[in-house]
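> Submitted below is the structure of interest, expressed as structure tokens.
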Amino acid sequence: MCSSLAGPDCCGGLDNIDFRQADLCVMNWLLGYVDPSDPYFVAAVLTIAFNPLFWNVASLEGWKRAGGPWSCGRGFAEAELRTSCDHLEGARRVARWEQKTRKLSRAFGSPYLACYALGGAIVLLNVLRSHCFTQAMLSQPRMHSLDNPTAYLVGLALLAVGGVLVLSSFFALGFTGTFLGDYFGILKEARVTTFPFNILDNPMYWGSTANYLGWAVMHASPAGLGLTAVVALVYVIAILYEEPFTAEIYRRKSSQLRKRS
């Protein structure tokens, strides 16, 4: 249906688009509720993005203890990282340095103490993230269509579901299991498959996402909904970053147990 166009055909690229004709109503509506340049919003985005990056880079110090490959071309974990995290090359160099030197375990004198320290830092960072998230919501307009008792109850239900997933995950994994002890060579006998892991992969991440979603709905906050989407996206990236390592750790342990038997 492009015969009426003069000059380049319909596949001529963006030069054929008259952006003056674009309908900006949706964008204008969104920007009426969310100001991405607001300092609280920017701080929330930065803390959301930083947390998983920090604990994955920091915890890779223990990867050598678990016998995992890291140098180029030495296993599927590196291939997965190359695919999903090339844009984090600087962080990857830091992780290689820590993996080679094992600074955390040496500094604390024990992989358990290093894991506890990492876990404590993660908890504090999560408190900071939640604070920034809340401040970003409070600093921006509420959505009137969400500001009603029904929506509030829906948010409360999401908060309850998220709390169940997070707490049950913690009790199933324990402290070291929750805070990446397997990266320090602190392994369970086998990967946990009890509730909630028998109904959902990575339930702690999705429980946390549900918490933020419920909190945003309870506050009738479009900014909170946008930040929740950022939380979910960052967790997806973190899963891509973590899963190959965890799978390889337990594959190696299972292989060693079979050889011993």
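Here, residue 1 is simply the first one shown, and the rest follow in order.
Every residue, even glycine, has its Cβ placed from backbone N, Cα and C.
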> Topology question: in TrEMBL, are Ala136 and Asp182 both on one face of the membrane?
no
> Around the Cβ of Glu243 (S-adenosyl-L-methionine binding site), how many other Cβ atoms lie within 10 Å? Please give the count over every shown protein chain.
15
> For Val161 (S-adenosyl-L-methionine binding site), what residues in its own chain, 6 or more apart in sequence, show a Cβ-Cβ distance under 8 Å?
Gly207, Ala210, Gly214
> Which residues, sitting 6 or more apart from Gly162 (S-adenosyl-L-methionine binding site) on the same chain, put a CB under 8 Å from its CB?
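Result: Trp206, Gly207, Ser208, Thr209, Ala210, Asn211, Tyr212, Leu213, Gly214.
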> Within the same chain, where does the transmembrane segment (212-241) have neighbours whose Cβ lies under 8 angstroms from its own Cβ atoms, ignoring anything closer than 6 residues to its ends? I mean 6 or more beyond.
30, 33-35, 38, 41, 44-45, 48-49, 51-52, 56, 80-81, 83-85, 133-134, 136-144, 146-147, 151-152, 154-162, 202, 205-206
> Which chain-mates of Ala160 (S-adenosyl-L-methionine binding site) that are at least 6 residues away have a CB under 8 A from its CB, listed by sequence?
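Those within reach of Ala160 (S-adenosyl-L-methionine binding site), by Cβ under 8 Å and sequence separation of 6 or more, are Gly214.
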